Amino acid sequence: MATLALNKLFLPIVFLVLIIKVSQSKAALDARYYDQTCPEAEKIILDTVRNASMHDPKVPARILRMFFHDCFVRGCDASVLLDSTPQNKAEKDGPPNISLQAFYVIDDAKAKLERACPQTVSCADIITIAARDVVAMSGGPFWNVLKGRKDGRVSSAAETINLPAPTFNVSQLIQSFAKRGLGVKDLVALSGGHTLGFSHCSSFQARLHNFSSVHDIDPSLNSEFAETLRKKCPKPNKDRNAGQFLDSTASIFDNNYYKQLLAGKGVFGSDQAIISDYRTRWIVESFAKDQTLFFKEFAASMVKLGNVGVIENGEVRLKCRVVN
């Protein structure tokens with residue numbers, strides 16, 4: 001049944017490169033937005049991200065996570081880049097974002113773009129393009145990024161409570177994504193971004209110790225994998241840097257994440273939850289079997305997420321950390 005449903009739901013795959021011009025959330029973005037005003041924009045961003053990744057292999061995962069955390073709060077407006085001030089605690093200092101890093105990569109790209117074409121390329125577009133580049137650089141799909149976002153002027157740490165938590169169940173995840181115009185397929189596809197990355201123990205250790213009155217360890221975890229995690233994250237845990245890669249091929253963008261979920265090796269409770277619910281499991285199984293299908297759907301969902309809450313009539317920040 002799942003295979004038949006899948007064939008109806010997903011169109012035949014011809015190209016991984018998506019050339020799309022859409023107008024969701026009132027924003028009319030365009031893949032060729034900077035063709036005349038800053039034709040070198042994408043090359044400058046790619047070169048910056050590639051050089052940074054050569055010096056720090058964690059950059060791709062950090063940039064992709066930055067994009068998600070920006071778009072899920074106030075939409076894709078680069079509000080996550082703004083620094084706190086004495087009068088305001090900004091998003092980057094909210095609890096879920098304390099571990100966000102690699103802001104310097106966006107700063108570097110912005111400085112180069114200001115020299116090449118002043119006051120033209122928004123910080124919001126830089127994050128969106130960089131997120132595509134780190135996926136493609138890591139072996140994942142390439143898609144044409146829609147551009148024309150403007151930068152927001154508001155950033156509040158309190159609003160990071162709107163980010164989906166690693167403890168969410170499927171109903172909570174579906175509700176969180178639906179608020180941003182994203183469906184169940186988008187939820188499962190974008191969860192595949194965890195194929196890149198690492199998590200500290202604090203985000204999953206509740207699954208390893210005193211999980212419930214009946215089970216000390218989350219029974220949905222593979223028992224050998226659970227023991228590995230318990231050794232890395234003992235209680236009490238004195239090593240703040242301890243944690244686990246979210247995928248056994250954490251520097252390569254592939255469909256291994258879904259294969260791990262099916263083997264009971266999802267690190268987050270929210271990851272494991274999507275294989276225990278009939279609404280999402282069949283999509284996980286489909287992506288685990290067909291990497292090309294996953295790549296196509298991930299690219300399409302990234303385009304949709306990149307169009308959430310877009311500002312068309314805002315400002316282009318001169319520096320991404322401060323409003324003009």
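Note that Cβ sites are derived from N, Cα and C of the backbone, with glycine treated the same way.
Automated prediction, rather than curation, is the source of TrEMBL annotations.
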Disulphide partner cysteine [TrEMBL] for Cys38, chosen from Cys76, Cys117, Cys123: Cys117
Within 10 angstroms of His194 (heme b binding site), Cα basis - recorded positions out of Arg65, Asp70, Ser79, Cys117, Pro164, Cys233: Arg65
Cα-proximity to Gly75 (Ca(2+) 1 binding site), 10 Å cut-off, over recorded positions Cys38, Arg65, His69, Cys123, Cys320: His69
Sparsest-packed among the disulfide-bonded residues, when each Cβ's other Cβ atoms within 10 Å are tallied, from Cys38, Cys123, Cys201, Cys233: Cys38
Cα within 10 Å of Cys320 (disulfide bond) - qualifying binding-site residues among Asp70, Val73, Ser79, Thr249: Ser79
